[in-house]
Amino acid sequence: MGLRFTKALSRLFGKKEMRILMVGLDAAGKTTILYKLKLGEIVTTIPTIGFNVETVEYKNISFTVWDVGGQDKIRPLWRHYFQNTQGLIFVVDSNDRERVVEARDELHRMLNEDELRDAVLLVFANKQDLPNAMNAAEITDKLGLHSLRQRHWYIQSTCATSGEGLYEGLDWLSNNLANKT
């Protein structure tokens, strides 16, 4: 009886875990976001060949975040990270108008994968500090997010270097994880 009570309490009050896959085109700011969340500071980054993985503790949730490189040659490897992913963070460089269609195509290709059918989608419209950045509404339109009828999604304006918007995104993820468990 005591064990059952302890398990019930830990389910209610214990730390939840969430596996997050963070992807996007190269130079969108994925690694900067990861280490801003993990360390609270800006780190010097180089293009990610392969992946970085860190655990980010936030609001009683342990987010295991896999940051996977976004160069076109290694995007086919993204699918190797899909299994058991509960949340997908897709990072977009809001200032890169020339590649937003490419970003849309990669996002929709990924979302068609069966292994990601239950994953919630958080889009970080990053680099909002730049003067010509597209706002969240424009990114929503250009990525075709309204067409995702069977997918639970949210878009958050962010600036990885200042940290603006990052924790609001994690709030959305944590609330949606709580609703799914």
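Here the Cβ of each residue, glycine as well, is placed from N, Cα and C on the backbone.
The following features are taken from Swiss-Prot:
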BINDING   24-31, 67-71, 126-129  GTP binding site
LIPID     GLY2  N-myristoyl glycine
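Scoring each of the binding-site residues (GLY24, VAL68, GLN71) by how many neighbouring Cβ atoms lie within 10 Å, the top position goes to GLY24. Summary for the binding-site residues ALA27, LYS30, GLN128: the Cβ-based neighbour count within 10 Å is maximal at LYS30.
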